[in-house]
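Pulled from TrEMBL, these are the features on record:
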type: DOMAIN; residues: B:17-437; note: domain 'DUF112'
type: TRANSMEM; residues: B:12-34; note: transmembrane segment
type: TRANSMEM; residues: B:54-72; note: transmembrane segment
type: TRANSMEM; residues: B:106-132; note: transmembrane segment
type: TRANSMEM; residues: B:144-160; note: transmembrane segment
type: TRANSMEM; residues: B:167-185; note: transmembrane segment
type: TRANSMEM; residues: B:197-217; note: transmembrane segment
type: TRANSMEM; residues: B:313-337; note: transmembrane segment
type: TRANSMEM; residues: B:353-376; note: transmembrane segment
type: TRANSMEM; residues: B:383-403; note: transmembrane segment
type: TRANSMEM; residues: B:409-425; note: transmembrane segment
type: TRANSMEM; residues: B:432-450; note: transmembrane segment
type: TRANSMEM; residues: B:470-489; note: transmembrane segment
Amino acid sequence: MKFNDLLLGLLVLLGGIAIYVSALGFTDIPGQDYGAGTMPRAVAVFAALLGLFMIVKALVAGIRIPSLDLADWLGSRRSVLSVLVALVLVVFYIVAAPSIGFVPASLVVMAVLMMTLKTKPLTAVAVSVLACVVIQQAFGRLLLVPLPRSEFLGFLW
Amino acid sequence: MSILAEAFALVFQPYVLLVILAAAAFGMFVGAIPGLTATMATALLVPVTFFMDPVPAIAAIVTATAMAIFAGDIPGTLLRMPGTPASAAYVEDAYKMTRSGRAEEALGASLVFSAIGGIFGTIVLVTAAPVLAEVALKFSSFEYFWLVVLGLSCAVFVSPGSVPRGMIALIIGLFAATIGIDNPAGQPRYTFDNVELLAGVQFIPAMIGLFAVSEVLRFVASGAENPAVEKGGRTGVFRKQWTNLKRYPVQTLRGSVTGTAIGALPGAGADIAAWISYAISKKFSKQPQKYGTGHVEGLVEAGASNNGAVSGAWIPALVFGIPGDSITAIVIGVLYIKGLNPGPTIFINQPQLIYAVFIVFFLANIIMLPMGWIAIKAARTILSIPARVLMPIILMFCIVGSFAINNSPFGIILMLVFGVIGFLMEENDVPIAPAILGLVLGPMLEQNFVTSMIKADGSFLAFFERPIAAGLGLFTIAVWCIPLVMLLLRRGRGGGEGKPAVDASDRIGD
């Protein structure tokens, strides 16, 4: 997903304007001209100038239409699906781990992603189980990270 | 002397030595896998170091980084796929050596000269840092302001790709740094009433996202398979290196010096050091025509250079609290989390800690030789681990690592957001390093800028009134002018003198 220079310049310019406007509401240090808004405003001005520069440069180079170039991988349904699966799996972990526990949730994340990437199911499950136990023992037991527990797998902790 | 003894006692404990050994193995492994960088090794290691005392934590990071930078040469040499960007400069020579059956010689040269460069950089670090710290004690907000600006400018101007794209990365980092309540007026900014965001963007999940998750996503999108490994022959890892050292002493020294100096510059690190040293080596070589055909000379110089830079980058990090590259940016984040504020006062308050870091640097570069030998011998096995199995496990490490920082799922959300941002940035050739530096240095920039403006009563001239501030300010402005000068040079040449001039303008003006 590649933005062309004109579109990228426009986005940077708009981002700069948005930051500037939002920073207008920030307060100053009492009795001073500077405060919470100083830095965001400076970043905003920098962004706006950069955006303008990029737009002018793109126009001079003959680019007239802001466009989005779809990368090769977006043409392949398999690649798009794999990226979506990876993202959904992370969201799944965030949502499901607190209720079903770390071990089942992480098993699903690893095994499903491996299979999506064309690993044989048996290998995927075996490696995932091993990795899952190693991670759980290393982080949960050794480093005492409170990974979400599963009732029936309490012996691992 | 008692401080030194205390430092030795801090390092030479079975636990710390074990950590060093484990980190070395980890760094070797990550560096040797194409696509996994030294920065990613550091990013994945940080959640683990979070639970250690400062010395083993720093020891782990120092060792893993030094190893990963060397190990990046392994896939470069055997597959023509540099494991880290720092190895990309001389990948052509290394790969051609493999094709002619000299893989072990090429890797041996990388290993030995990496260790030499690293030790040279450490010696400079040991001698220069305390002296610079004395000077840095006199710095006021004006000097720090310029140092931060210099670091950020270097990060933009030396980053791969065009300067405007580097600036976009910097803006992303600086903007992310403004989020939270930690600002001069103590007002929540861009928190959207989220309590977790009040503390600002947590640095470690953001970094894991930008460096590791984005890489996993890119692999998933490309669906690439492991390429076949070249055979490369058995010429012995160390056999030819003494001859190489005797034949190229000047190159070794020049690479070490250049690398350390570039590393010491705030904002520039090992990647750019390797490229510059390779170019210098070719320029001054008696056989420049042999470069790129499997010639070991450039490998010697650039290999020494990139590991010299790893040590050199710690000079501004420890002395000023300003990172020399994205790895030391991560380290500074870790130091702050551990309650150690990097900067000149650390040399006064905890000198034993600083000496312990120095000792660790020497150890890391020495242990590199036997560990590197093992890695070279085991390279084929490491490279045959299918990435389609490895990447999901790395993703899981990212998730657990991001969670472990605050024991909160919010870290994972942050990681995911920054992972997607990092993925989109790389798709658009926007470099990651300036964003990380912006994120780390943003608060320092803001604090010193606002303090200076209040002290100066709004006058920009005050930023040039103190001599060191004026020097740093002028140097920074000179760095800003580089693109303009290059453009004028190109115009002066008429722009039609062949490809190099066109390349330069593309890099700067694109």
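Cβ from N, Cα, C; glycine included.
Using a cut-off of 8 Å between Cβ atoms, the transmembrane segment (B:167-185) and the transmembrane segment (B:383-403) share fewer than three residue pairs, counting only pairs 6 or more apart in sequence. When each of the listed stretches B:144-160, B:197-217, B:313-337, B:353-376 is scored by C-beta pairs under 8 angstroms to the transmembrane segment (B:106-132), B:353-376 comes out highest. In summary, the transmembrane segment (B:144-160) lies against the transmembrane segment (B:470-489): three or more C-beta pairs, each 6 or more positions apart in sequence, are under 8 Å. Only pairs six or more apart in sequence are counted, and the transmembrane segment (B:409-425) with the transmembrane segment (B:197-217) gives three or more Cβ pairs under 8 Å, enough to call it a contact. Here the transmembrane segment (B:313-337) touches the transmembrane segment (B:54-72). Their Cβ atoms form 3 or more pairs under 8 Å, with each pair 6 or more residues apart. Between the transmembrane segment (B:54-72) and the transmembrane segment (B:197-217), fewer than three CB pairs separated by 6 or more residues in sequence fall under 8 Å, so the two stretches do not touch. Across B:197-217, B:353-376, B:383-403, the stretch most heavily in contact with the transmembrane segment (B:12-34), judged by Cβ pairs under 8 Å, is B:353-376. When pLDDT is averaged over the domain 'DUF112' (B:17-437), the result is 86.
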